[in-house]
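Reading through the structure tokens given below for one structure.
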């Protein structure tokens, strides 16, 4: 299976590429649309600020390419900032429109819940709690913890699109969302040990079944 990892200048792509290769994928890292057209699925990574990433998507015209891919029901996985870009809007730095594949917007952890202060960013291992099983997830999940590192999270989302969440100091943090052929993972599956690799593997099996 050939996976197109989208290189738009925002993110460390090496660990994602290596994780996919461990799962016997052929991986191309590119922003060339003709090369991406020849892949079975697309992966949108991302590290950094939402407005910078959104600007890069526009400059490289990847945003228009992804809109077209979504309309054609091509499998797409967004990871970390890549997932956040799939929502309607983010408040990071300045209000910025996202791709709009998922309902909801991205906001910063406030650092206070009730009268309790908590650490920002949300960084480290946290339990992933399944709420809706997607069509691509088959079998029982034995491991439960995945690795997060982020200061912003999705809120006001559609519950029907929520697959799994993490509880961070009383805040329900969407961990996996899915809508048709589009999936987002807020955590880093490539850094999440057994469960992360299993979830990537299951997503790839879903791609094969398409």
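The chain as shown is numbered from 1 upward.
Using N, Cα and C of the backbone, Cβ positions are placed for all residues, glycine too.
Annotated features, as they stand in TrEMBL:
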{"type": "ACT_SITE", "residues": "80", "note": "active site, nucleophile"}
{"type": "ACT_SITE", "residues": "188", "note": "active site"}
{"type": "ACT_SITE", "residues": "190", "note": "active site"}
{"type": "DOMAIN", "residues": "5-194", "note": "domain 'Glutamine amidotransferase'"}
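Between the alpha carbons (Cα) of residue 188 (active site) and residue 80 (active site, nucleophile) lies a span of roughly 6 Å. In this structure, the CA atom of the residue listed as 'active site, nucleophile' is 11 Å away from the CA atom of residue 190 (active site).
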